[in-house]
């Protein structure tokens, strides 16, 4: 299967970009088709699921997200996350985001996976990590970067309440759903879950 970009241009250029392309690509029936497509370009991101061992809790953020207001009140509980700068190492960025957003110092990282967020319209990939901390690892203020006008609240959810939160649709964000389900599937033998 092959494709060819015939023409590509940036049609919107602000904090994010939108590219428009004319593409020719093979079809599964051996034919070729020419199509116009748009791609939302926001760069790649990192996210992390953190387990606080001494409180038996998963750590999340709560913050206002304008794009969610259509189906939500605007505030959303999600994993700590952030945008990668060009050529930045994901591991360095995710540790920095944890310091800035919730104030913890993360030492060890376990890579879970990377995935496209919405491949039908966006080029963004998320690099997802897992880490374990103790309450004493909260050595920074957290709350987000004031110069970025962030206002981030730390949310701790006990592991025994995670399944209920999942079943009650508390998590409305894909990376958070993936992280929580990964935790339940991969850490269930290490931690005791009620109703699991």
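Including glycine, each Cβ sits where the backbone N, Cα and C put it.
TrEMBL names 81, 97, 101 as Mg(2+) ligands; from the candidate set 24, 34, 150, the record adds 150 to that same site.
Cross-referencing 36-58, 82-104 with TrEMBL places the feature motif 'Nudix box' at 82-104. In sequence order, 61, 80, 82, 98, 100, 102, 144, 152 are the residues of the same chain, not among 81, 97, 101, 150, whose CB sits within 8 A of the CB centroid for the Mg(2+) site. Within 10 Å of its Cβ, the residue among the binding-site residues 97, 101, 150 with the fewest other Cβ atoms is 150. A helical conformation is recorded for residue 101 (Mg(2+) binding site) in the three-state DSSP classification. A 10 Å cutoff on Cβ-Cβ distances gives residue 81 (Mg(2+) binding site) a total of 22 other Cβ atoms nearby, all chains included.
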